[in-house]
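Everything below concerns the one structure shown next.
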């Protein structure tokens with residue numbers, strides 16, 4: 001009796017699995033906004049230098065009734081866009097600007113200075129953000145993007161570590177303690193005393209977020225029937241997108257960054273309690289030899305699924321038999337360096353990494369700063385989340401009917417073109433800019449689904465998890481560098497957009513070095529990949545080709 005048969009006896013698609021899927025989707029809904037939360041908690045409102053009139057330097061007494069508009073006129077110079085300068089003020093108060101008899105002044109020749117007394121912020125949209133709290137504007141504006149890069153670096157560190165810890169100690173303990181830690185650290189983050197502490201806490205939160213998302217998905221998949229796996233993955237992806245859309249509406253209601261951070265941190269104390277109830281992965285328990293505990297967990301699952309009587313007939317000997325079978329079927333373990341020894345694998349890793357890096361680099365940066373996309377950032381965030389639903393749904397059908405290489409090339413070219421076109425559209429035409437960005441976001445969402453499928457089709461079973469780890473590291477690195485690229489706006493305002501637009505277009509060349517996998521059998525070992533390559537180039541005998549098709553899975 002193998003594990004799938006054992007799981008079928010206690011129920012592999014019953015009430016327990018439904019509860020687990022619901023829990024996973026709620027987790028996805030709450031966790032998915034983590035990386036884009038700083039679109040709102042770190043939003044940059046309109047601002048100008050604080051006005052501090054110094055009578056000792058003034059030529060006119062200030063004992064008069066002056067409106068805010070008058071004070072701005074005599075204290076803040078106008079910028080090239082005929083709006084008040086955000087980072088400079090007049091060195092001396094220019095009282096002559098109040099004289100209605102004088103029509104024009106050339107304010108560009110007047111002496112200015114930085115904002116020595118701080119800034120005044122427009123609180124009409126956001127009552128508080130980390131930008132207003134720690135004055136992350138002007139010369140310090142790049143600190144916002146450094147904070148985002150630091151946060152994304154938490155994912156880069158946690159992905160390999162969480163996998164090792166999870167395989168060593170189990171899924172459940174990691175989910176329990178990371179949920180508790182996310183709630184505690186997230187709550188403290190909402191009241192961080194300074195910017196440095198805030199960055200460290202966001203780094204930790206990202207590490208916990210990745211760990212929870214990855215291990216919760218693994219736990220649910222390991223406890224469910226294989227036929228449920230596509231549905232589970234698609235639902236998780238859709239709730240990810242819905243969660244990002246919900247963030248736009250929630251941020252509109254909660255305009256204080258402290259409260260918004262708390263709103264996403266406090267639910268994890270509830271998740272901690274729920275994970276205390278969730279059984280450990282039976283599959284992991286069997287593989288690690290904990291058959292007695294696995295038997296107890298199977299009894300719980302059977303009871304929830306209404307099959308308690310059937311489960312009573314299951315003995316620990318059945319589980320030990322399954323364990324023995326798994327141990328005997330274990331083959332050679334591959335190391336990371338083995339990927340780069342084989343030229344075929346090496347070419348796949350390098351080419352596919354360039355595609356993933358380009359696409360993720362181009363759009364992650366934009367998702368981290370939706371203020372670039374249009375005037376109403378709340379609606380933009382909602383639309384960016386909503387567009388994923390039809391996009392990912394449509395992708396399900398294109399995967400079944402369209403070749404991989406031309407589809408991926410089309411998505412890369414469209415994404416890069418959408419970003420590049422917006423450079424030439426003025427900010428006043430924000431509706432058109434938003435529509436084009438949403439089209440690009442739809443292509444990005446489709447790319448994430450199709451690339452996941454393509455990676456699994458390219459990778460042999462014996463190397464699949466290792467290659468996925470390599471590609472995941474590339475994706476996280478792209479996110480970190482994408483956030484840092486936003487800081488280059490202070491040198492040339494269009495530089496991030498140029499890089500985001502050009503890179504996917506250039507990276508399309510890499511698709512030429514990858515094989516087509518549509519309607520071809522999946523491979524189990526590297527030798528199967530080499531046979532598949534020869535089959536496509538017709539450099540293989542008829543008998544070898546027939547053997548290959550018979551011995552590989554479709």
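Glycine is no exception: its Cβ is also placed from the backbone N, Cα and C atoms.
Here Swiss-Prot flags 1-15 (among others) as topological domain 'Cytoplasmic', drawing on a curator's inference.
Within its own chain, the transmembrane segment (16-36) has Cβ neighbours under 8 Å at 151-152, 205-206, 209, 212-213, 216-217, 219-220, 223-225, 228, 232, 235-237, 239-244, 246-247, 264, 267-268, 271, 274, 278, 301, 304-305, 364, 367-368, 370, 381, 479, counting only residues six or more beyond its boundaries. As annotated by Swiss-Prot, transmembrane segment applies to 16-36 (among others).
According to Swiss-Prot, the topological domain 'Extracellular' annotation covers 37-144 (among others).
Other C-beta atoms found within 10 angstroms of the C-beta of residue 39 (N-linked glycosylation site) number 25, with every protein chain shown included. Per Swiss-Prot, N-linked glycosylation site is recorded for 39 (among others), and the stated evidence type is sequence analysis.
Within its own chain, the transmembrane segment (145-165) has Cβ neighbours under 8 Å at 35, 38, 42, 130, 174, 195, 198-200, 202-211, 214-215, 364, 368, 469, 472-473, 476-477, 479-481, 483-484, 486-487, counting only residues six or more beyond its boundaries. Per Swiss-Prot, the feature transmembrane segment maps to 145-165 (among others); the stated evidence is sequence analysis.
Sequence annotations record features per position, and here Swiss-Prot assigns topological domain 'Cytoplasmic' to 166-172 (among others). When the topological domain 'Cytoplasmic' (166-172) is classified with DSSP, helix, strand and coil residues number 6 helix, 0 strand, 1 coil.
For 173-193 (among others), the entry in Swiss-Prot reads transmembrane segment.
According to Swiss-Prot, the topological domain 'Extracellular' annotation covers 194-199 (among others). In the predicted model, the topological domain 'Extracellular' (194-199) has a mean pLDDT of 93.
Under DSSP, residue 194 (N-linked glycosylation site) is assigned to coil, being neither helix nor strand in the three-state scheme. For residue 194 (N-linked glycosylation site), the Cβ neighbour count at a 10 Å cut-off comes to 9, with all displayed protein chains included. Swiss-Prot lists 194 (among others) with the feature N-linked glycosylation site, giving sequence analysis as the kind of evidence.
Look at Swiss-Prot and you will find 200-220 (among others) tagged as transmembrane segment, backed by sequence analysis.
Taken from Swiss-Prot, the feature topological domain 'Cytoplasmic' applies to 221-231 (among others). Away from its own ends, the topological domain 'Cytoplasmic' (221-231) comes close to residues 4, 7-8, 12-13, 16-17, 20-21, 171, 279, 281-284, 301 of its chain (Cβ-Cβ under 8 Å, at least six residues beyond either end).
According to Swiss-Prot, the feature transmembrane segment maps to 232-252 (among others), an assignment based on sequence analysis.
Residues or ranges marked as topological domain 'Extracellular' in Swiss-Prot: 253-258 (among others).
According to Swiss-Prot, the transmembrane segment annotation covers 259-279 (among others), on the basis of sequence analysis.
Annotated topological domain 'Cytoplasmic' per Swiss-Prot: 280-347 (among others), in sequence order, evidence recorded as a curator's inference.
Look at Swiss-Prot and you will find 348-368 (among others) tagged as transmembrane segment, backed by sequence analysis.
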Original post:
Who are the long-range neighbours of the transmembrane segment (348-368) in its own chain, taking Cβ under 8 Å and residues 6 or more past its ends?
Top reply: 35-36, 38-39, 145, 148, 152, 339-340, 384, 408, 411-412, 415-416, 419, 437, 440-441, 444, 447, 451, 454-455, 458-459, 467, 470-471, 474-475, 477-479, 481-483, 485-486, 496, 499-501, 503-504, 506-507, 510-511, 513-514
Original post:
Taking residues 6+ outside the transmembrane segment (200-220), which of them lie with a CB under 8 Å of any CB in it?
Top reply: 17, 20-21, 23-24, 27-28, 31, 34-35, 147, 150-155, 157-159, 161-163, 166, 171-172, 174-175, 178-179, 181-182, 185-186, 188-189, 192, 232-233, 236, 271, 278, 281
Original post:
Which residues, given as numbers and ranges, are at least 6 beyond the ends of the transmembrane segment (435-455) yet have a Cβ under 8 Å from it?
Top reply: 237, 241, 352, 355-356, 359, 362-363, 366-367, 373-374, 380, 383-384, 387-388, 390-392, 394-396, 398-399, 404, 407-408, 411-412, 414-415, 418-419, 421-422, 425, 467-468, 471, 517
Original post:
Between residue 194 (N-linked glycosylation site) and residue 39 (N-linked glycosylation site), what C-alpha distance do you get in Å?
Top reply: 19
Subject >> Helix, strand and coil totals (DSSP H, G, I; E, B; other) for the topological domain 'Cytoplasmic' (221-231) >> reply: 8 helix, 0 strand, 3 coil
Original post:
In terms of DSSP three-state secondary structure, what is the assignment for residue 39 (N-linked glycosylation site)?
Top reply: helix
